[in-house]
C-alpha cells in the first residue's frame, strides 16, 4: 500500500507541475492551452531521446526538456498570440494531436507507436526498491522550485501586469504594457514547465509512447486548476492532488457498484470525473483556494 | 485523374462535415463560446438515429429523431452547465463543455457498450460518371446534407426568427433594443445548433460505423472547418468544411493518410496567420 | 519490516481456530487474487470487455468446483483505458493494494511495455496479447508470457497463405501500429520469393471513409488485399472496397474480421469470400468450444481466446506450485502446458488431475500455448476461415 501511495504521490506531483504550468497562463494571463498534453509529450521525448539514443546524463535531459517545451511554446504562440482565446483553444488542441501524430509516425526518430522503453532513472540500480521514494523527493523538489518561482511572479509587478492583461488587454496596452511580449513570455515559460513535467514522467516510469499523451490528461489538469482555484499557484497544487485522489479513489468506489459490467463500471468512472468538473465550476468557481490579489504598492 | 477523384471524394466528405460545422459555428455566433461537447452530441445523434432506423423508421424520420434527441440534450447541457458559466467568460463555459462531451460519450457507452454498430442499410456498388467513381448512396447522403443546409440558409434569410438570430449574433445590444429576447434566441441557437451536430454525427456514421468515440473522431476536422471559415460565420463553415474535406483527401496522396488530423491544424495555422478572423470573417451570415 | 509481537497464547488460539474451521471458511478468508487489465474504454474498447468477461467466467467455474488449493479465486478487473499512463496507475493499484499474483490480458503494446517493468520489479506475473516484437525482448526475467504470435511467425504465415491463393500482386492496407513496419519488411521478403509483387499504404484509423485510399490501392490492380486494421476501421474499408468494385481476394486477421464485423456490415455480399486467420490449436481442439461458452460469443475473437488461455494456465500453474505468487507462477507455467501429461482444455479438469498428482498438458483455445524461454509461443498452427453467406467456414488448420 505504501509504495502505491508513494507512486500516486509522485504522479500527482507531476500533475502538479502541469497544473502550475496551466495556472500561469490561464490564471495569470487568461490564455488557454488545450494542447498541454502536446508540450508534456515534447519534453518527455526530448529528454528520453537525449538519455537513451544520445546517452546523455539525466540532468541534461531535464534541461533539454525545459528548452524543447519552451521552443514548442514559442512556435505555437508566434502565430497565435494575436488570436482571441477561443481560436487559441482550438489551435492548441490541434497542436497536441499533431505532436502525437509525429510521435507515432516518425519512427526513425521516436520509434513510433512502439514507444521508447528503458529510459534511465537517476541512481535507479543503486537505489533498488528505494528508487520510488527518492524520485518522489526529486519531484517534490522540482515542484517546490517551480512553485516559488510562480509565487514570485504572482506577487511581482510582472505578475500584476499579466493580471492586468487578463482583465482587460486593451487597457493594459493603453497603459503602456507590451501585451504581446508578455503573453508570449508567459506562454513559453508555461510550455517549458510542461516539458519538464514530461521529462520527470519519462524517467520515472522508464517508458513513453504516443498513446500516453491523449487529450484526457489535459482535461484532468483543467479540473485540477479549476478546482484548486485559478490564479493562485497553491490552488493549482492542491487541485492536482485533489484530482489524483478523485481519479484513484473512484477505482475503489466503482468496485462496489453491484450489477454492472466492467465496461459500465469504466464508463461510470469517467462520468464521475466529468461531473465533478462541472459541479466544481458551477458551485465553487473560484476553487478551494480562491485568488488573492495583493494591493498594488502605493506610489510614495 | 486520381487527383480529380480525390477532390470528388473530398467534396462528398466535406458536405457531410458541413452539417455539424454549421451547427457548431451557429452556436458560437449567438452564445460566444466554443462548445466542445459537440463530440458527445454527434455520437448521441448517431445512436439516436441508429435506434430510430432500427425500429423501422425511414431515413428522413431517423434524421428527425437524431436532430430532436441531440437538440434536446445539447440544450439541456447548455442551460444546466455551460451558460451559467458564461458570466465568468468564454473559457469556463468551454471547459465545462469538454466535460459534458465526456459525459455524453460515457452515457452512450453505459447503454450500448463499446462494440461498433452499423446502420442496416443496403450497400451498392459505385457508378462511373466518365472516369470518376461516385457512390449512389453517398450521393443520397450528400443530397440530404445539402437539403438540410438549404433549409438552414432559408430559415436564416427569410423567417422572422432567423433574421432575429442573425441580428442578435451581429449585435446583441442593438437586437435587444429592438425587442428581440436574447434568451429565446440563445435557446433556439442551442437547440438547432446541437440538432445539426447530431444529424451530422448520424450522416457521417451512415456509411461507416458508430461507437462511443464517433464524435471524437470528427472533432478536429469539425473545428478546423469552422475556424477556417471564420468562427461564427455559417457560410464560412460550409466553405471551411469543403476545403478541409478536400485537403484531407488530397493529403492522402501526398503524405499518406496517417497525417490527416494534422492537415486541418496546418490549414488553420496558415489561414489564421494571414487572416486572424478566418476566411469569411465573423459575420453570422 | 516491523515485527508485531503476538502473545503466544493468542497465536495458538488463532491457529487452532483456523484448523478447526471448515475448509469453506478458510477459503473465504484467504482468497487468491488475480487481475485482468484490459481496455474497457479508448481505442481498444471493442475488445477488452469480452476479454474480461471470458476470464471472469472461468474463475466462476473454478470457484464452483472448489477453487484452487482449497482457496477461492478473486478476479479484479481494471481498465487500462488503452492508455499507458492510466494503465501504469491501474497496475500499481493491482500490485500494491490488491497484491495480485498475475495480471492478464494487456492489449495495446504500449500498455504492455509500460506495465511490464512494474510487474517484473514486483515479481508479478504478466500475460499479454500484444503483438509488438519488442515486448518479449524486454528484460522481464521470465515474468512475462505472450500468447499472440510475434510478427515474424504470424506475418510469414500470412505471406505463405497469400502465395497459396495464387497472388501475383498483393497490397497491404494497415494503420500505424507497432507491427506496421515489421509487417512490411516481412511481406517484402516473403512475397517476392514466391513471385508476388507487394505494395502497401498506411491509413488513419479514425477516418470515416477510405475512398481515396482504396483508389490508391486499386491503381496498382492487386489480386489480393491484406486488410490489416481493427474491426471499426476494417468495416469501413471493406464497404469501400466493395463499392469500388474490387473483385480480388481480401484477407485479414480474425481479431478484426469476425462475427461482429459481419453483423455490422449487414450485407453478406460485401464480405462474401473474405478470409481470416488466427492462431489455433490442432484441428478438433475442444478448448475453442469452451472459450465460446466462457465468452458468451459464438465466434470469440483471438484476444478473447488468449485471455481464456491466460487464466487457465495461471490457475494450473498455481496448483502445480502449491503457491499463489508471481514467482511460483513463473516457475510453473510451462509445467501446465509442456509437461507431456494428460491433455486438458480447461482449468477445472486440469486442477483435478494436478490434485490427483498427475501432470497436465494444456491445449488452449488460441493454440498449444507452448512457450520459449523469452515467453514467446513456439511454432503454432493457424486457423484459416472464409466467409460464406455471412458465416465463417473453416478452410484449413495448418
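Backbone N, Cα and C atoms are what each Cβ position is placed from, and that goes for glycine too.
Note on TrEMBL: of B:89-108, B:109-128, the range annotated with the feature transmembrane segment is B:89-108. By the Cβ criterion (distance under 8 Å, sequence gap of 6 or more), the transmembrane segment (B:185-206) is not counted as touching the transmembrane segment (B:250-274), fewer than 3 such pairs being found. Sequence-distant contacts of the transmembrane segment (B:89-108) (same chain, six or more residues past either end, CB-CB distance under 8 Å): 31-41, 43-44, 47, 73, 77, 81-83, 212-213, 215-216. Using a Cβ-Cβ cut-off under 8 Å and counting only residues 6 or more beyond its ends in the same chain, the transmembrane segment (B:218-244) has close neighbours at 10-11, 14-15, 17-18, 20-22, 24-26, 28-29, 34, 36, 38-39, 42, 149, 152-153, 156, 169, 200-201, 204, 261, 263-265, 267-268, 271-272, 277-285.
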